[in-house]
Every structure is written in C-alpha cells, then in structure tokens.
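Step one of this worksheet: look at the structure below.
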Amino acid sequence: MELIQQLVNGISLGSIYALIALGYTMVYGIVRLINFAHGDVFMIGSFVGFYAVTSFHVGFFPALLLAMVSCAILGVCIERIAYKPLRNATRIAVLITAIGVSLLIEYGTIYLRGAQPEAYPSTVLPDKKIEVLGVTVNSQSLLILGVSIVLMILLQFIVHKTKIGKAMRAVSHDAEAARLMGINVDNTISATFAIGSALAGAAGVIFGIYYTKIDPLMGIIPGLKAFVAAVLGGIGIIPGAMVGGLMLGVIESLVSGLGYSLWRDGVAFIILILILIFRPAGLFGKNVREKV
Amino acid sequence: MLKVESIDVFYGNIQALKGVSLEVKNGEIVTLIGANGAGKSTLLKTISGLLKPKQGDILYEGTSIAGKAAQTIVKQGISHVPEGRRIFANMTVEENLELGAFLRKDKQEIQQDFEKVYHLFPRLYERRKQLAGTLSGGEQQMLAIGRSLMARPRLLLLDEPSMGLAPLLVKTIFRIIEEINSFGTTILLVEQNAHMALSVADRAYVIESGRVVLSGTAQELNASEQVKKAYLGGH
Ligand SMILES: Nc1ncnc2c1ncn2[C@@H]1O[C@H](COP(=O)(O)OP(=O)(O)OP(=O)(O)O)[C@@H](O)[C@H]1O
Ligand SMILES: [Mg+2]
C-alpha cells in the first residue's frame, strides 16, 4: 500500500514536471532554443497565485487563471525583447541570453520583494483524506492531478484542432514553408511562448499548494528537472514531455519511497546522462530526424 | 500581371540575381530555365516575399510587392510551390491542404476548393487522413501543388515540380499544370527539364549565373541553337 501511495505522489509531482516540460518542448520545437528562463516563469506564476490568494482573497481557480495569464504575457515579453532580436544569431549567444534572462527574473524578484520564502495558503483547496480501494489519497493530490490532465487535454486540443495550433506545428516543421502558406511566423512563435508560459504559471500555483513553500529561486530545480523530462520524452515532442514528466515524477517518488530520498534529485540527472548516451532523441524521438 | 524590373538579390555578400527582369502576362504559362545555381529559386523566393531585393522592383497588377511580407503576397493571390515540395510531413494530407487556405475565411468556398483539389488529385482524396510524410514523391508533389491551390492563387509559382519523378509522373504533373492554367491560373514555372517545360509554356526565359541571357516564345527557344546545346541535350 505504501508503494501505491508513493505512486500517487509520483504522478502528482510528475504532472507538475510535465506542465513545465511542455513549455520547454514547445519552445524548442518551434525556435530550437532551450529557454532557460522557463523555470523562472514557473516561479513568477507561483508568486502571482500566492499574492492573488493572500492579498486579493480569490479562490483557487481565479488564482490559477491569473497566474496563467500573467505568465503568458511575461513569456511573450521575454520572447519579443530578449530572443526575437537574436533569431539569426549563433546558438551560444541565444543560450547565454536565456541564462541572463533567468538570472534577471530571479534576482529582479528578490530585489522587489526580498529573498524570504512564503508559506503557500494551501487552504484554497479542500484537504481531505480519501480512501480509494484501501489507499488513502489526499484530495489535493487528486485535484492537482485533475487540473493537470485537463490542461494537457486542452493543449492537445489547441495544438491539433485550432488554427493557431496548426500554424504552430507548421512553423516548427518548416518555418519557410509556413510563411508561404501566409502564416505569420513571429506571431506563431509568440503564441507558443504564451501557451508554454501559461502552463508553467499553472504549474507554479499547483506546486505552491502541493509543497506549501515558495521562494524566488524555487524555479531552478523543478526547471532543470522538467528540462530532463522534456529530453527524456524527446525534446520538441509534446506527448513526450507529458510522459517524460510523469515518468520522472514516479521514478523520483519510488526512489524516495525505497528509502533513498537523498538520491531523489540525483536520479533525474542520472536519467539525463543515460538518455543522452543511449537514446539522445528521447523515448518518443526518431533517432535520425528526417530532412527531405 | 507580374513585372520584375531589374532586381538584385543578395545572400549576405553573395549576389545571386543581377538585374533580372521578367514579365508574366495574365493567363500565360511562362517558364524559367537554367542550370543548377543559376538563381531560379532565388527569383521565385523574391517574388513570394521570402527574400527582399536590394535593387529594382516587382510589380503585381501594377502595384509594388517588392519586400512585402510573404503573407501579404499570398493574400494578394500569388502562391509558391517551393523546390523540394516542403510539405508538412508530420501532418495529414487534409491538414496540409487546410494550411494552404490559412488566410481565407470563406468556409464554403474552401470546401469547394477541397473538392476541386481532390478531383484534380484523386490520390490525395484516398490518402487524406494519412500523414503527408508517408506519401510517395509524386504524391507529395501533388500535395504541394494542391496545397498552394487552396490559397486560390491567380499566379502560381512552381519550382521544379518534376524533380526526382519517374517519366510517367512527370507527364502527369505537366498535364495537371496545363489543366490548372486552363482554369485561368497564370503560371510561372521553373524547370531544369527544359524539354517538357518548353512544350507547355507560352514564353520562356533562360537564366545563367544570376542573369537573364535569353528570352522569347517557347517555339523560338526550342529552335535556338544555344538552348538546344545547353539545355536540351543536343536533340
Ligand atoms: N541560403 C543561401 N545562402 C547563400 N547562398 C545561397 C543560398 N541559397 C542559394 N544561394 C546561392 O545563390 C545562387 C542561386 O541559387 P538558387 O537556389 O536560386 O539556384 P537555382 O537556380 O534554383 O538552382 P537549382 O536548380 O539547383 O535549384 C547559388 O550560387 C547558390 O549557391
Ligand atoms: Mg532551385
């Protein structure tokens, strides 16, 4: 039973990784850039949710929505200001810029509000123990899982059924051909940043409720792990990010469940190294990208 | 309909087009022939807004489109089938066609155009739910042409549609090009297969290292010694 408990924890944690990983993978898919500021967008989302609940006394869903919208705007600003001027620059220049943006957001936040952590008001979601087939699960975990699943389904719908989603897929496959269809590539890239960042914002709020403590540097480790999850699933592949995130969460929880909790963080990076050695394109990736 | 007026186009410091001028009149099939690296694709990309000319002008229906955004040019009725097809391999045939109509809002007429394209290319209809990447080379070329027709172009730019296709398929593609033209779409056709291109074209231009070196009616160029020697393999 302990094992199933850990499994449930792992899936909840994994769904948070998955939400962040989606942003990494979507942005990589469309501009071939690892947006290292993505973990910090997650952190901002967490704080927006925190202030919405504590200062404006809104409920969980309005706070979630507010965090998502704020992060979408932040993501678009980051793209337009920092990355767009570098679209034809070398990859290393863009990478260094991404790290710069990340530090700017982290220390900008510390400058504005200080480095002290906050206790997330977890009362915004009902916290009950529920017995399911002899396993006690926390009602919060279930809600968190539910919200994550709904967001991922929504994303799949946007990407596959809407015009902007089809434009995103077209641009990520071949930007020049997409321009010949009349697709505005710049706007499509911005939309991708907006959607990816909104998901990170949602993950931030969910993370806060789940782990109850947030601080301006909280985005670093989940950001790195979500990056590992994206690579695990195959960077640029949306279902890969979802599965990669869930797998990573479950593996971490099982490792701590087996009594090796000190190894929890290390495991993610061992997985990264193994993936890069044995299957660099990720679980869902074709090992050779077809180029016609 | 389209007038290219002595344009210069550069890739960085490399000049790919040197004072190229060319005209396409309403209803014509005009072909542009030339060897590898002559600048044919560069010219089409400049017309469709992927590249900007440094000098010169491009007039479409009397107004300048030089340096305009690709989407503006598509909207005005110029559609470009790029070299190497460039279909969206990870999407279905149907989605590729939908993307061709990206800027259009007239749902019913889009539906009619789907039917027209499927009528022109019954193979695409059979494979409409299939991923475009799984199509054969010939089918991919049909998809690329069908996709561009979904924009309802008045001027269609075709870049080497016969490239890499078996002789029988080349014939089919050229028959379809004539058919599209007969419905009233003007065509600017880039080809290395000069023989086939001249057989369907009204007029032709020959381009060599970024310059137009010869132009005339298709018959004239077919009879020209220079063209025979360089592009028609001597027969
Ligand atoms: N992206 C690019 N960067 C730099 N130079 C380029 C680029 N694309 C084309 N060129 C150069 O411009 C010249 C014209 O190329 P272009 O592709 O227009 O030729 P083409 O006539 O279409 O040839 P092909 O028949 O092989 O398709 C060539 O010398 C080519 O090397
Ligand atoms: Mg070419």
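Heads up, the Cβ atoms here are built off N, Cα and C, so glycines get one too.
Keep in mind that this is a model prediction, so the values were computed, not measured.
The feature transmembrane segment is assigned by TrEMBL to A:6-26, A:59-78, A:90-112, A:132-159, A:189-211, A:226-250, A:262-282.
At the 8 Å Cβ cutoff, the transmembrane segment (A:189-211) and the transmembrane segment (A:6-26) share at least 3 close pairs (sequence separation 6 or more) and count as touching.
Within its own chain, the transmembrane segment (A:226-250) has Cβ neighbours under 8 Å at 7, 10-26, 28-29, 34, 38-39, 42, 152, 155-156, 159, 172, 268-269, 271-272, 275-276, 281-285, counting only residues six or more beyond its boundaries.
Counting only same-chain residues 6+ beyond the ends of the transmembrane segment (A:90-112), those with a CB under 8 A from a CB of the stretch are 32-37, 39-41, 43-44, 47, 78, 82-83, 216-217, 219-220.
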